[in-house]
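*Asks:* This is the structure, below, for whatever I ask next.
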Amino acid sequence: MLDSMYGAVELGLLYSLMALGVFITFRILDFPDLTVDGSFATGGAVAAVLLSNGYSMWIAMIAAFLAGTVAGACTGLLHTKGKINGLLSGILMMIALHSINLRIMGKPNTSLLDIEPMFSSISPIWVKLIVMAVCILVIKFLLDAFLRTDMGLALRATGDNPRMIRSFGANTDNTKMLGISLSNGLVALSGGLIAQQSSYADISMGIGMIVIGLASVIIGEAIFGARTVFWATLAAVLGSIVYRIVVALALRVEWLEASDLKLITALIVIVALVLPSARRAMKQKSMAKKRSAQLTAEASKTPTPTGGAR
Amino acid sequence: MLELSNVSKLFYPGTPDEKIALFGINLKLNPGDFITVIGSNGAGKSTLMNVISGVMTPDTGHVKINNSAITHLQEHQRSRWIGRVFQDPMAGTAPHMTIEENLAMAYSRDKSRGLAFGVTARRRKLFYEQLGRLNLGLEKRIRAKVGQLSGGERQALSLLMATFTKPQILLLDEHTAALDPSRAELITRLTESIVREMKLTTLMVTHNMEQAIRLGNRLIMMDKGRIILDVNEERKKDLTVAQLLGEFEQISGHKMTDDRVVFG
Ligand SMILES: Nc1ncnc2c1ncn2[C@@H]1O[C@H](COP(=O)(O)OP(=O)(O)OP(=O)(O)O)[C@@H](O)[C@H]1O
Ligand SMILES: [Mg+2]
């Protein structure tokens, strides 16, 4: 039991960079980017090829990140310069990446059994988890800092009020491309991390990632809130961990199959998306009831002018 | 300063829906001019603003600032010279970002945006002082999200942001129209004092006739995409709302129709 929890936290940390990437596009840019499914596998593929060819872990991870930024830039170009609908740009890129990833690896999957995963020499396991968490948090803090720079502010304003930031001289095409690139860079880095950790990269490893990323972001926001950038990015990281714990628990339920996972994830996202608006509607309705009761009470107190002399 | 020559802009040209938003507009602003613009609904006032700020490119004609042609520069490329406040109080600020972050973005208008922090201690001090000039107590809420401000407060902030870097041209498109009368009055007063203090060259669309006469040193009247009347400072001094409306009817041949018009 404890072992599977440790495993879940570890996976959550590795996937948290993917959640941060999804956070950048969905929450900051307000751009539903579906490239993620493709770019996650791109990261895995690039890392796997470099690692199996004897390159160092660092180089493999940096290359995975860069490959992701290139994929993101392509989606950004399709959307901003090609004026293709945002969802469609992402889907096109995702499909294209499927072939590209196959080209990168040269085969549908690559085994990395003779490669020592990062931090695997650290024991006991909780020390290893702390070291990993620190590394992830460093990336989180770098992202926070970036989002507070002049460039980062323009990026955030692009999602918040593009018309306004254009009137202050920012090219929103460029800020969008920057955001989508950065996002997919993080997603691909996450894919690289997962590949080295599981000693395996697979052409289909990215399928469903976008929904998992969204689920992480949404769960994180629901539990930890997202009032400031600091909390929002922290929530994405923690949301990713919570998601993996939920999955680990769900897998212990006897009548659930591992293949039901994607359905469960989709359900989590659906519930999380529907709940807030349903709650808001309910609140409004009860408020309206209360107010109209008040108003009728007031109206019955003051005598209504009926008839009367003119 | 700003010069428009023979500027025209059509929507849906050649179709039954054809709209002549601007037609053969010639307009020259001198440095320090404060021009008020009036005209009925659909006269082309907002289109004029959009053509100047680069939101739209004119079909014919040229736009120049300081004698250099900017007709084909994109909006973000010319916005370093042009400050804007929109009619919608929501349009000029980013609601999910703080007051100081919004001001930082305005501060970077004429600079390249790099990897330096947007809000530094030095800048925050400047923002604090500038917000103080609005007399709305916003300087004490410098870390509040802009979405929490009232429409009037947001519009005051928009005005401050638009003028922060002393733009060459200030464009105001009915920027008080969405506010209640007392708030509108406040924003009008702020506009007056900021424009005067910073000697900004300003083009202000208003639906308030009295205000159009009282403010600024020149008044232009638009109808059906044309400038039909251009009143200079001297004549403007003893112009009345009734005279203005009379002139409008005489020249255009129809009554002034504006769903938001305020006569005095
Ligand atoms: N983006 C657009 N697409 C199509 N037609 C437009 C567009 N913008 C303006 N128009 C048309 O151009 C004409 C001028 O519009 P404009 O918004 O400039 O008028 P206005 O003087 O600002 O009017 P108002 O007082 O109502 O704000 C109108 O007939 C309008 O319908
Ligand atoms: Mg208008």
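We number each residue from 1, going along the chain as drawn.
For all residues, glycine too, the Cβ spot is worked out from N, Cα and C.
Owing to the predicted nature of the structure, the values given are computational and were not obtained by experimental measurement.
Annotations per TrEMBL:
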COMPBIAS  A:293-310  compositional bias 'Polar residues'
REGION    A:287-310  region 'Disordered'
TRANSMEM  A:12-29  transmembrane segment
TRANSMEM  A:55-78  transmembrane segment
TRANSMEM  A:85-105  transmembrane segment
TRANSMEM  A:125-143  transmembrane segment
TRANSMEM  A:177-197  transmembrane segment
TRANSMEM  A:203-224  transmembrane segment
TRANSMEM  A:229-251  transmembrane segment
TRANSMEM  A:263-282  transmembrane segment
*Asks:* Where, among A:55-78, A:177-197, A:263-282, do we find the most CB pairs under 8 A to the transmembrane segment (A:229-251)?
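*Replies:* Going through each listed stretch, the top one turns out to be A:263-282.
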*Asks:* Going along the chain, which residues at least six beyond the ends of the transmembrane segment (A:12-29) come within the CB cut-off of under 8 Å?
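*Replies:* Sequence-distant neighbours of the transmembrane segment (A:12-29): 36, 40, 68, 129, 132-133, 136, 139-140, 143, 147, 155-156, 158-159, 176, 179-180, 182-187, 189-191, 193-194, 197, 209-210, 212-214, 216-217, 220, 226, 232-233, 236-237, 239-245.
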*Asks:* Looking only at residues six or more beyond either end of the transmembrane segment (A:125-143), which have a C-beta under 8 A from one in the stretch?
*Replies:* 6, 9-10, 13-14, 16-17, 20, 24, 119, 186, 233-234, 237
*Asks:* Residues of the same chain, at least six outside the transmembrane segment (A:203-224), with any C-beta under 8 angstroms of its C-beta?
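*Replies:* Beyond its ends, the transmembrane segment (A:203-224) has Cβ neighbours at 15-16, 18-19, 21-23, 26-27, 33-34, 36-42, 44-45, 98, 101-102, 105, 108-109, 187, 191, 194-195, 231-232, 234-240, 242-243, 246, 262, 265-266, 268-269, 272-273.
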